[in-house]
Amino acid sequence: MSFGEFLLVAVLALPALGALAVAAIPRDLPARVAGTVAAGLTLVAALALAVDRSGSWTAYAVTPPAVRPWHALDLPWVPGLELRFHLGVDGISWPLVVLTALLTLLCCGYTCWRVPPGGSGRALVALLLVVEVGILGTFLALDLVLFFLFFEIVLLPMYAIIVGWGGDGTDPAAVAARRRAARKFALYTLFGSVLLLVGVYVVVAAAGTADIVALTGGNGLARGTQLAAFTLLAVAFAVKSPLWPLHSWLPDAHTQAPTVGSVLLAGVLLKMGTYGLIRVAVGVAPEGARWAAPVLGVLAVAAILIGSLVCLAQTELKRLIAYSSVGHMGFVLLGIATLTATGIQAALIGNVAHGIITGLLFFLAGAIKDRTHTGALRELSGLRETAPRLSGLLAFAAVASLGLPGLAGFWGEAFAVVAAVEVGGALWITLAVLAAFGGALTAAYLLRLLRQVTHGTATPAVAELKPGLAGAEVAAWTPLVLLALAVGLAPTLVLGVAEAPVTALVEVLR
Amino acid sequence: MSTTTLLGALLPVVPLVAGLVGLLLPPAARGATTDRDTSRRAAIALGVAGAAGALVLAVALLVTLDAPAESSTTWIRFGELTVTLGVRLDGAAALVAVAVAAVALAVQVYSVGYLTRGPHDDTDVDHRYPPYAAQISLFTAAMLLVVVSGDLIMLLVGWEVMGICSYLLIAHDRWLPQAPAAAQKAFLVTRVGDVGFLLGIALLGVSAGSFRIADVLAHDHGTGTLTAAGLLLLAGVAGKSAQFPLHTWLPDAMAGPTPISALIHAATMVAAGVYAITRLWPLFEATPTVLAVLGVMASVTLLLGAFAATAQDDIKRVLAWSTVSQLGYMTGALAVGSPPAALFHLLTHAAFKALLFLAAGVVIHAVGTAAMSRMGGLRHSMPVTFWCMLIGLGALAGLPPLSGFWSKEGVLAAAEGAALHGDGPAPAWVGWLVWLAGLVGVAVTAWYATRLLLRTFFGAPRTPLTHPHDPPALLRWPVLALTVPAALLGLAGFPGWFASQLQRTTPSDAEGVSDLMPPDGLIHLTPTVLLPLALLLLGAGLAWAGWRRDTAADPAAALGPLRPVFAGAFRLDDVQHTLVVRPTTALARAARVADERVVDGAVTGTGRGAGALGGGLAALHRSALPRAVVAVLAGALLIALAATLIGAM
């Protein structure tokens with residue numbers, strides 16, 4: 001077993017073993033610390049994946065495959081059903097793998113310091129690690145059936161996190177609200193999963209293989225099959241991403257989830273949808289993608305505009321940030337819909353930037369709600385008077401989220417617009433113009449948020465605040481702040497590795 | 001990378017580092033006094049050091065730059081499109097950089113004195129001074145980035161970071177209830193313009209395959225692309241440089257502290273739009289349509305700003321509207337095809353307008369109000385301020401030999417040439433429009449400048465209880481330093497080193513004909529110079545005559561029924577509110593309701609429907625024994641029937 005193969009296994013095994021260890025350690029705090037250590041080791045392994053990335057593909061093949069993993073592990077798993085345990089990492093998946101490992105580590109570390117009321121911290125950390133296994137597996141799987149399995153692993157632990165630790169208060173109404181939100185999340189995404197399963201089997205039955213490397217480029221799939229497969233897969237991923245109008249599970253789930261749950265949900269869970277769209281739907285059924293691209297583009301722009309408008313009328317902090325994800329993911333989906341190298345690269349960096357920035361925003365919103373016990377915007381005002389640090393960080397995150405050039409959010413949004421201009425034609429130019437106006441609306445709602453929360457005179461809820469931040473908070477937020485700045489100044493951190501695989505993918509789309 | 005380009009690259013980096021470090025300083029402890037506040041002192045040191053370092057670098061750049069220089073490296077590639085990280089330096093860039101760094105330094109020093117609250121104010125010291133100074137440093141870095149940037153995306157980075165710094169600084173004052181709204185308005189209005197700016201950049205970049213300015217200028221764009229991109233870029237310029245119809249944010253931005261108004265909303269950021277056009281001048285020169293639109297925009301802005309300035313009572317708002325009007329002169333010069341005239345006016349305006357704002361800040365500090373109706377007679381108690389203000393207002397009105405006279409004359413001469421001889425790239429009617437608007441503007445500017453002077457410094461004091469006095473050294477020296485360029489910079493427009501720096505061609509067309517010709521001065525004294533001089537005397541004389549009749553009354557009373565219209569700036573704010581803000585908020589509310597009731601309603605409805613269906617079926621299955629027996633028998637009968645029928649076929 002080569003070092004690369006070992007790392008691939010380690011990235012999945014470490015959080016899984018960590019979850020078991022957490023479950024086995026009876027005392028609460030040591031268990032949480034053990035879980036955090038496991039998450040930290042996972043991050044190290046994930047980072048190490050980029051070392052020695054010569055790859056196992058041969059450059060001398062007549063037609064090199066469109067997916068050329070740096071490291072791959074291909075083992076027979078259920079020979080009777082021709083299922084293979086096929087993992088691999090390349091420049092498209094690696095940034096997301098690292099982001100997942102980082103956010104899980106930050107969430108586990110945050111949980112060492114503060115456990116949301118509702119259940120034991122031990123169980124929460126274990127569930128976070130299980131979620132991590134599912135998400136990482138989704139990003140690493142190079143076999144469609146394996147991909148589907150990992151895609152599904154995430155669902156139930158996340159449901160448990162929302163029901164167990166979510167909401168605020170223990171009165172029956174609050175309990176019912178978070179049960180309802182979690183149920184909606186689980187059932188809605190299960191509906192997407194059914195389509196995903198059907199789509200996967202349409203592809204596997206028609207092509208006779210589930211190997212993503214072999215399937216990418218639509219080799220051997222008839223046009224009709226591709227159209228059907230793309231429709232099924234795209235709707236499935238659209239639910240997860242989420243794409244308007246299939247988004248309505250998201251605001252409730254985010255609002256009710258505990259801080260760490262929201263961070264993972266927004267930070268990486270949504271990316272499973274956009275990643276799947278790029279890797280599976282577009283890769284496996286390129287003809288279907290070309291056929292559906294205009295519809296996808298129109299829906300993406302609708303998501304940008306409607307998401308932003310709804311945010312402009314929102315009155316609750318976490319709900320506003322949740323809806324902002326609809327708009328931001330709209331930019332990502334617009335980038336994918338252009339099916340150009342520019343657009344897909346924009347989508348990749350948009351994915352990562354949204355994970356960093358929205359993760360930070362949810363951490364901050366959680367901190368504000370924990371301190372003031374309210375999320376209603378009209379009960380929050382004058383934060384900069386009593387908590388200048390928190391208010392400054394909120395301003396930074398909001399400014400990053402509105403896509404300020406020089407910070408991470410800019411590249412994905414601006415270049416999704418540029419990609420649409422690049423495609424040309426009346427439809428795509430119109431979409432570019434509307435998306436750019438969506439950028440102005442994004443600024444409008446985030447500035448409205450800042451004006452409401454940070455400026456003005458302090459409301460009673462805010463006046464009680466202490467100015468300081470806890471050490472764990474600083475430790476959890478600093479990496480995100482630095483990354484938002486670093487990715488903004490050096491986008492090549494994310495895209496440097498992605499250029500080659502994206503070019504290879506776009507080659508087969510032509 | 002040569003020494004010159006290294007200097008250019010370091011120029012934004014130095015204040016950036018000062019700004020980022022400054023943001024990390026802890027806020028001052030509440031209740032701490034000014035002299036025992038270490039984080040305030042560190043913030044002052046960082047801010048002043050950042051601006052001074054930038055000034056030294058800018059001057060060094062100006063001295064060492066003997067030919068246009070360019071250096072770049074790939075920043076990131078998006079598919080076929082290359083984004084570069086690089087500088088593009090020429091004489092104009094170096095001069096603007098010196099102006100930016102000099103005003104920034106003056107403002108950093110001035111702010112130390114301006115943003116203190118003594119014990120008699122019953123409030124503690126401004127505990128948010130560290131972020132304030134850091135944001136000025138960040139702003140300086142962003143503006144310098146725009147000045148030296150060799151790539152359109154880099155330029156956009158600086159462009160928007162300036163916007164956010166402007167936003168943060170306008171909202172700085174926690175005692176002003178209108179400040180947050182003004183800040184939000186400033187950012188959003190410019191952001192709407194930036195929608196066009198981004199799309200224009202996208203069009204040019206996609207057409208050229210690169211965002212490097214040199215590549216974009218060298219590429220042969222189609223006429224349609226060029227016109228569309230030019231018009232889109234103009235939207236961004238209109239937002240940043242407060243041109244009609246996106247000018248509405250600038251007067252409200254006066255809610256920011258006065259030094260901020262001087263730096264951002266008068267001397268530098270608002271000039272960025274003008275500067276951006278000069279950077280991309282070959283593209284604009286090739287599209288007369290775009291220049292015609294710019295000419296109309298400039299003329300409307302010029303007159304709108306001038307008339308609105310006549311009726312304001314707030315001293316800062318007079319200056320703000322005069323900025324709008326002077327920006328109209330600059331864009332007008334561009335519309336008639338004279339970037340050097342625009343840059344010359346940009347530089348003199350930076351000097352005299354920064355001076356005017358800082359001097360106005362001194363007055364506001366001394367009197368405790370910005371309303372001119374409560375000032376008057378300050379000439380005796382504040383002589384230094386009076387003389388500084390006099391020089392600034394003279395330069396603004398265009399009184400020879402102060403700087404504004406020469407640069408405004410340059411703009412008018414260019415417009416005259418375009419009108420009478422068809423010199424400019426745009427049609428001759430654009431020249432006529434800009435020239436006539438410019439001439440009317442001269443008279444109106446002289447009128448409101450005289451009014452401001454008379455209302456503030458002459459006549460009897462209208463708030464006799466206060467005892468105004470000239471400012472302490474920290475406020476006085478920046479003001480005095482700025483009077484020098486405000487008075488003398490115009491003389492640099494005669495043929496010589498300065499003029500050749502502004503007229504120097506950029507690297508892309510270094511082989512062009514213009515390089516072979518000897519550099520021309522920026523000043524063209526012709527007999528028609530008497531025309532603006534006569535108009536100047538007319539305007540100033542009218543204001544003085546009106547004031548003579550009753551020294552206590554406002555000369556603006558002479559405007560009669562027009563006065564409220566001018567004071568409300570033709571009610572364009574209301575128009576904007578009715579046409580844009582209210583529909584958008586209504587749409588937002590509608591979108592939210594529709595999203596919750598219709599889109600989510602369908603989902604929850606499906607869930608509820610499925611639940612009800614399940615419940616119904618469950619109820620059927622829970623029926624009592626007789627009905628269940630009947631159902632089973634009926635089912636058996638049906639199956640038997642079906643089997644018989646199928647078997648019989």
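For all residues, glycine too, the Cβ spot is worked out from N, Cα and C.
Within the chain carrying the domain 'NADH-Ubiquinone oxidoreductase (complex I) chain 5 N-terminal' (B:75-117), a Cβ under 8 angstroms from the stretch's Cβ atoms is held by residues 4-5, 8-9, 11, 15, 34, 44, 47-48, 50-52, 54-55, 57-59, 61-62, 65, 68-69, 123-126, 129, 132-133, 136-137, 139-140, 143-144, 147-151, 153-154, 205-206, 209-214, 257-260, 262-263, 267-268, 271, 275, 278-279, 339, 343, 346-347, 350-351, 354, 358, 361, 365, 471-475, 477-479, 481-482, 485, 498, 500-507, all 6 or more beyond its ends. The domain 'NADH-Ubiquinone oxidoreductase (complex I) chain 5 N-terminal' feature in TrEMBL is assigned to B:75-117.
Residues or ranges marked as domain 'NADH:quinone oxidoreductase/Mrp antiporter transmembrane' in TrEMBL: B:149-415.
According to TrEMBL, the transmembrane segment annotation covers B:41-65 (among others). The list of residues near the transmembrane segment (B:41-65) in space but at least 6 beyond its ends in sequence, with Cβ under 8 angstroms from a Cβ of it, reads 3-4, 7-8, 10-11, 14-15, 17-19, 21-22, 25, 89-91, 94-95, 97-98, 100-102, 104-105, 107-109, 111-112, 129-130, 132-134, 136-137, 140-141, 144, 501.
Annotation source TrEMBL lists transmembrane segment at B:85-112 (among others).
Through the fold, the transmembrane segment (B:195-214) approaches residues 70, 72, 80-84, 86, 88, 149-153, 155-156, 159, 221-222, 225, 228-237, 239, 279-280, 283, 507-508 of its own chain, all at least 6 residues removed from its boundaries and within a Cβ separation under 8 Å. The transmembrane segment annotation in TrEMBL covers B:195-214 (among others).
Residues or ranges marked as transmembrane segment in TrEMBL: B:226-246 (among others).
Here TrEMBL flags B:258-278 (among others) as transmembrane segment.
Among residues of the same chain six or more beyond the transmembrane segment (B:290-311), those with a C-beta under 8 A of the stretch's C-beta atoms are 227, 230-231, 234, 238, 242-244, 247, 251, 277, 284, 317-318, 321-332, 334-337, 424-427, 430-431, 433-434, 436-438, 440-441, 444-445, 447-448, 451, 556, 559, 562-564, 566-567, 569-570, 572. If you look up TrEMBL, you'll see B:290-311 (among others) marked as transmembrane segment.
What TrEMBL records for B:350-372 (among others) is transmembrane segment.
The transmembrane segment annotation in TrEMBL covers B:384-402 (among others).
If one looks beyond the transmembrane segment (B:432-454) by at least 6 residues along the same chain, the residues whose Cβ comes under 8 Å of a Cβ in the stretch are 295-296, 298-300, 302-303, 306-307, 309-310, 315, 318, 322, 325, 328-329, 332-333, 335-336, 372, 389-390, 393-394, 396-398, 408, 411-412, 415-416, 418-419, 531-532, 535-540, 542-544, 547, 551, 554-556. Under the heading transmembrane segment, TrEMBL lists B:432-454 (among others).
Feature annotation from TrEMBL assigns transmembrane segment to B:474-498 (among others).
Sequence-remote contacts of a segment are chain residues at least 6 beyond its ends whose Cβ falls under 8 Å from one of its Cβ atoms, and for the transmembrane segment (B:522-545) they are 340-341, 344, 397-400, 406-410, 412-413, 416, 439-440, 442-451, 454, 493-494, 499, 502-503, 555, 558. The transmembrane segment feature in TrEMBL is assigned to B:522-545 (among others).
Under the heading transmembrane segment, TrEMBL lists B:628-648 (among others).
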For the transmembrane segment (B:350-372), find every same-chain residue at least 6 residues outside the stretch whose CB is under 8 Å from a CB in it, and list them. 99-100, 103, 106-107, 110, 114, 258-259, 261-263, 266-268, 271, 313-316, 318-319, 322-323, 326, 378, 381-382, 385, 388-389, 391-393, 395-396, 402-404, 452, 455-456, 463, 466, 468-471, 475-476, 478-479, 482-483, 485-486, 489, 554
Could you give the residue numbers and ranges of same-chain residues that sit at least 6 residues beyond the transmembrane segment (B:628-648) on either side and whose C-beta is under 8 angstroms from one of its C-beta atoms? none
Non-local residues, at least 6 beyond the ends, that sit with Cβ under 8 Å of the transmembrane segment (B:226-246): 159, 162-163, 189-201, 203-204, 207, 269-274, 276-277, 280, 283-284, 286-287, 289-290, 293-294, 297-298, 300-301, 304, 323-324, 327-328, 330-331, 572, 576
Per the Cβ filter (under 8 Å) with a sequence gap of at least 6 from its ends, the transmembrane segment (B:474-498) is approached by 95, 102-103, 106-107, 109-110, 112-114, 344, 347-348, 351-352, 354-355, 358-359, 361-362, 365, 384-385, 387-388, 391-392, 395, 401-407, 410, 519-523
Residue counts (helix, strand, coil, in that order) that DSSP gives for the domain 'NADH-Ubiquinone oxidoreductase (complex I) chain 5 N-terminal' (B:75-117): 24 helix, 13 strand, 6 coil
